[in-house]
Amino acid sequence: MKKTKIVCTIGPKTESEEMLSKMLDAGMNVMRLNFSHGDYAEHGQRIQNLRNVMSKTGKKAAILLDTKGPEIRTIKLEGGNDVSLKAGQTFTFTTDKSVVGNNEIVAVTYEGFTSDLSVGNTVLVDDGLIGMEVTAIEGNKVICKVLNNGDLGENKGVNLPGVSIALPALAEKDKQDLIFGCEQGVDFVAASFIRKRSDVVEIREHLKAHGGENIQIISKIENQEGLNNFDEILEASDGIMVARGDLGVEIPVEEVIFAQKMMIEKCIRARKVVITATQMLDSMIKNPRPTRAEAGDVANAILDGTDAVMLSGESAKGKYPLEAVSIMATICERTDRVMNSRLDYNNDSRKLRITEAVCRGAVETAEKLKAPLIVVATQGGKSARAVRKYFPDATILALTTNEVTARQLVLSKGVVSQLVKEINSTDDFYRLGKDVALQSGLAQKGDVVVMVSGALVPSGTTNTASVHVL
């Protein structure tokens, strides 16, 4: 059984009910809507289509809204045509948005471009394909030396590696997009270009103000500033997306894998979900099979401990969206089989909180008894994530009376969530847990299961782990 979850970006190729149903069958767990593209009518229809499929089939999936985020882009060029730049030439950026650009100058969307940069800084355009060095700053112009040949286009992203920029966490478009997400009842927001804790706080306040207090925030780490402030960002977020595309432009490419490993490890310790994203099966946008390196990249992220791996263009616009999900699911399943539990008996001398100690003990018991299932009663999902932290061989069955929690746990590795009407007592939980375990096929008659519960009130302390035979 696949434990690692798959996030699929949905686009024109995959938005129909028929395709969404096939994607769910192939292994999709979360639908990602990329708000850098598309309008509300398109995204609203995709949400409706997925909900129709879930209601008809009983399949489960969560919905993630990915914001465009604060970014710097080039503006107009003469005739809308790309211009060729040559290594060694002088090129100018201006904050005067009325300027129509050519092969010597282009306007950018960010007013603070001149004040944030210094002579000697690097400017990268179009995902780093064109590099420039700042040689002078004059009024509203930044004058650069072009470092390599390349074609510059309109509306291309501009990165300033190592530069702290004063862009707001929420652009006006993002604010409207988040209100749309609140109205639609999405489960997660992936917040782009998060640089510091206050960015997350601002987004959370905006969500709360529009009825989205239950939406979980997944912060995307895409630049050096986000890495520098990672601990405070993690503390304020519900999860992290390792967004390797922009990150690989902002920091040296050889550093990306180490940043990935650091972020995943810290998320595991903090019991926060983590998604590894970008270019995972990139060649499958055009080809029916991935490269060996891509397959290894997916497996490596799973071995690092990621909750989920993500498809972007592969599932949104590629030629082989279904094949991409199927192959990714196969890699997940194969790699999940060799994942060892992480109890770290010898290295862990920390004093644990009650919930953590009970959940750790439950995993230890399940490992020793070779139990196929750990059943957890959870209101907000914390107990299920506390068990997941130790990567048990057993599947985690999370019973909850909270519909939002049931959907959000879809993103957590190794967790199968089940919505139940009520849990009135510990005995009630034991009875329900055994019934669901058998009905779902996650365990068979005669199997040993470990059951974890606690105070049956919202956010109660988990304080009991017990062993049962079905």
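Using the three backbone atoms N, Cα and C, a Cβ is placed for every residue, glycine included.
Features of the protein shown, as given by Swiss-Prot:
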- R32, G245, D246, T278: substrate binding site (BINDING)
- N34, S36, D66, T67: K(+) binding site (BINDING)
- N34, F35, S36, H37, R73, K156: ATP binding site (BINDING)
- E222, D246: Mg(2+) binding site (BINDING)
- K220: site 'Transition state stabilizer' (SITE)
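Annotated features taken from Swiss-Prot, shown on the structure.
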| residue | record | contacts (Cβ under 8 Å, 6+ apart) |
| --- | --- | --- |
| R32 | substrate binding site | V7, C8, T9, I10, L64, D66, A190, M310 |
| N34 | K(+) binding site | T9, G11, D66, S312, A316 |
| S36 | K(+) binding site | D66, K68 |
| H37 | ATP binding site | G11 |
| T67 | K(+) binding site | F35, D174, D177, L178, V189, A190, A191, S192 |
| R73 | ATP binding site | V108, T109, N155, K156, G157, V158 |
| E222 | Mg(2+) binding site | S192, F193, I194, A243, G245, D246, L247, E250 |
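A straight line from the CA of K220 (site 'Transition state stabilizer') to the CA of T278 (substrate binding site) spans 12 Å. The record gives N34, S36, D66, T67 for K(+). Within 8 Å of the mean position of their Cβ atoms, the other Cβ atoms in that chain belong to L33, F35, H37, L65, K68, G69, A190, S192. Sequence-ordered, the extra residues of this chain that approach the substrate site, with Cβ no more than 8 Å from the Cβ center of R32, G245, D246, T278, are K220, E222, M241, A243, R244, A277, Q279, M310, S312. The secondary structure of K156 (ATP binding site), as reduced to three states from DSSP, is coil rather than helix or strand. Summarising the substrate site geometry, the residues cited as binding it (R32, G245, D246, T278) extend over a maximum Cα to Cα distance of 18 Å. Of the listed recorded positions, namely K156, K220, the sparsest CB environment within 10 A is found at K156. Following the DSSP three-state reduction, the secondary structure of S36 (K(+) binding site) is coil. Listed in sequence order, A243, R244, G245, G248, M310, S312 are the same-chain residues at least 6 apart in sequence whose CB falls under 8 Å from the CB of T278 (substrate binding site).
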